[in-house]
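Feature annotations, reproduced from TrEMBL:
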type	residues	note
TRANSMEM	B:47-68	transmembrane segment
TRANSMEM	B:75-98	transmembrane segment
TRANSMEM	B:110-128	transmembrane segment
TRANSMEM	B:140-160	transmembrane segment
TRANSMEM	B:180-204	transmembrane segment
DOMAIN	B:180-375	domain 'ABC transmembrane type-1'
TRANSMEM	B:216-240	transmembrane segment
TRANSMEM	B:246-271	transmembrane segment
TRANSMEM	B:326-350	transmembrane segment
TRANSMEM	B:356-378	transmembrane segment
Amino acid sequence: MIELIRVSKRFGAETAVDDISLRVEKGELCVLVGTSGCGKSTTLRMINRLIEHSDGEIHLDGQPVRTFREETLRRRIGYAIQSTGLFPHWTVARNIGLVPRLLEWPVTRIQARVEELMNLLGLPQEEFADKYPSQLSGGQAQRVGVARALAADPEILLMDEPFGALDPITRETLQEELRALQARLHKTIVFVTHDMDEALRLADRLVVMHQGRIVQQGRPIDLLRAPADAFVESLLGGEDRGLKEAALLPVSERMRPLRASQGHAQERIAQHASLREALSVMLWRHAERLIVIDEDDRPVGELSLRRLVRARDDE
Amino acid sequence: MARVTGRPNIVLLSLMLAALLAWWGLPSVSVAPNRIVSGSAYLAPEVAGVGLAALACLPMVAVMGLAWRPSRTRLAMALALVVLMLTALPLWLSLAALRLIDPTSPGARMGIGPGPWVLLFVLLLALIELRTRLGLSRRLGWGLLAVPLGSLGVCLMRWLSPLALWQEYQGRREAFESALGEHLLLVGVAVGVSLVIGVLVALAMRRWPAAQRAGFGVLNFLQTIPSIALFGLLLAPLAWLSSEVAWLAALGVSGIGWAPALLALVGYSLLPMVRNTYVALEGVDPTVIDAARGMGMSHGQVFRQVRLPLALPVILEGIRITTVQAIGLTAVAALIGAGGLGTFIFQGLGQAAMDLVLLGALPILFMALGVDAVLGALGERLRPGGTP
Ligand SMILES: Nc1ncnc2c1ncn2[C@@H]1O[C@H](COP(=O)(O)OP(=O)(O)OP(=O)(O)O)[C@@H](O)[C@H]1O
Ligand SMILES: [Mg+2]
């Protein structure tokens, strides 16, 4: 658990982070969003003390971060950044094994751990272990960066725009993988991005920052439904919010049980697909009704355009 | 391999054209009855007759033919021919010595004319061109030179004793060896000392940014003083020091000799050393450093395991530049009695004996080239990520 209590950071006369309070529960994925220069990275880097905070207190599991030795603190916290920061003169395997080596694990244990992580992140050992970072694609390098951050199995993971430099498709793949990973590992993650779609897709808790302050935080869906002010609203996409919300809700949320009489709808949609996907299928197929199917392709319900659009008051 | 194409290799063609022109147009050797008299020059046909001179052209023409429509095999044949010509060059000089030097006049000596020098230069360029075209390793390229070098050695032992350069060497064998030793020692100590000081200064500049501008100011200023002037400037203070401090005098420190030379050499070496070391250490990707610290490496670990290894190739580049520069500057230091190979150059200039000048200049040239090649290759190997 990470807790920031009335934390500020000043660089000379400039206040980069202004009196923010934030609590990230164990196992929660917290995403910081905001425009460039609003203090996201500064907030993140204060947690592992790459930047010392000027005021307030930062606690890790109830203990102030300043009571730890810097190196000890950082070795307990995974850290992944946009440029990967991989050491160009070390092989992939050696890069991943960095923190375990700093922690003086026995060699065999480090090897086993590196192997485990490479498998976990889809980097076949034979192919990648002895490569140098310059021989990797952007997506592969970023996977190595995440593997390195996870190496010593830290409770906490700090990620600063880790997928920021990737093409949209690779980025989406890695987002999926991060979600899957998180479902298995239950780390406490603070994730910085300025891509709102990425933020909405990943966040358990979404924190919107503006000029060094937190303007709103909560579940993504709650922020979409009730933005605190015009800034949050525009950041969330203004008129696009409807689609963004639809992307967060599964079809199963709005479908209703299948009635035998209405079997004429031909187009199908999976029940765990998002409402946004359902809408897209309707637009593309010129269909006002979709049959909803489960994992085994059995029809379980139907979704009409009217129900999709007007959630609550449709009959 | 893909660089071998069917189009004419212009480089080889023009090199061989230059070789032909040098062969026919420039004197091969000059012969003098003794050391004082300036010799008379001989063109290639005058040395061995038109027939033999024309025969010697055949490999050049053949290389041109092979370069006209190159393929891998043809270039390999051209390479063999170039090595053959390099090997034949000392034999040609031996032939000239046998034909032109009267064995009964012991003072007679033969100088190498501009022709063979140009030929040597052109053939070496052709060798490099062929080596790169064929994708051969640098080491193999050097290995190929072993054959011509062997031929040179044999010729020197058996037939080339009238060669003026060789005679100058024979007459000064001991002086040459000690001069070479002094030269290497001066360069080695100067580079070593300036490396230690340079690294310390660069580290201090990183620690205290205020020291940086002042430091570079002083070093830049040092670099602009002409070397002769700097040697002169050091004369008075060092002479005074050695007269005041007994143990310095006992060490051999005085206004002339090795002490001012070493001081000046270190002075000149500091700028390239400090600049490269500083730039190298500062130039390491800041995000890599950020990650290293974020992973929990201590300051010492970041420096030793990340910053230093990543900076090493550039630091080595500084050592290379400094060493090559010091090898040349040490020649000038002979003027203030520091010894070294420069002694022969200035003696030779004084006596208008060009071969004596060469005796000093050629080893300096080869030393510089050797250091350049070795340190350059080492830097290449140290590049992060190994050899790509
Ligand atoms: N080391 C520093 N010294 C002085 N000012 C700094 C320093 N680091 C950050 N700042 C300032 O603090 C403010 C917040 O910077 P920060 O890097 O946290 O922004 P960010 O939200 O991460 O932006 P981006 O999305 O562009 O990465 C900026 O105005 C920046 O100029
Ligand atoms: Mg940032």
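Just so it is clear, glycine is given a Cβ too, placed from its N, Cα and C backbone atoms.
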Stretch contact, the transmembrane segment (B:326-350) with the transmembrane segment (B:180-204), Cβ-Cβ under 8 Å, 3+ pairs: yes
Stretch with greatest number of CB pairs under 8 Å, the transmembrane segment (B:356-378) reference, B:47-68, B:110-128, B:180-204, B:216-240 candidates: B:180-204
Two-stretch contact, the transmembrane segment (B:180-204) and the transmembrane segment (B:47-68), at least three Cβ pairs under 8 Å: no
Chain residues outside the transmembrane segment (B:216-240) and at least six past its termini with a C-beta under 8 angstroms from it: 205, 253-256, 259-261, 263-264, 267-268, 270-271, 274-275, 329, 332-333, 335-336
Stretch with greatest number of CB pairs under 8 Å, the transmembrane segment (B:140-160) reference, B:47-68, B:75-98, B:110-128 candidates: B:75-98
Remote residues contacting the transmembrane segment (B:110-128) - C-beta distance under 8 A, at least 6 residues beyond either end: 12, 15-16, 18-19, 22-23, 25-32, 39, 41-44, 63, 78-79, 82-83, 85-86, 89, 92-93, 96-97, 100-101, 141, 144-145, 162-165, 354-355
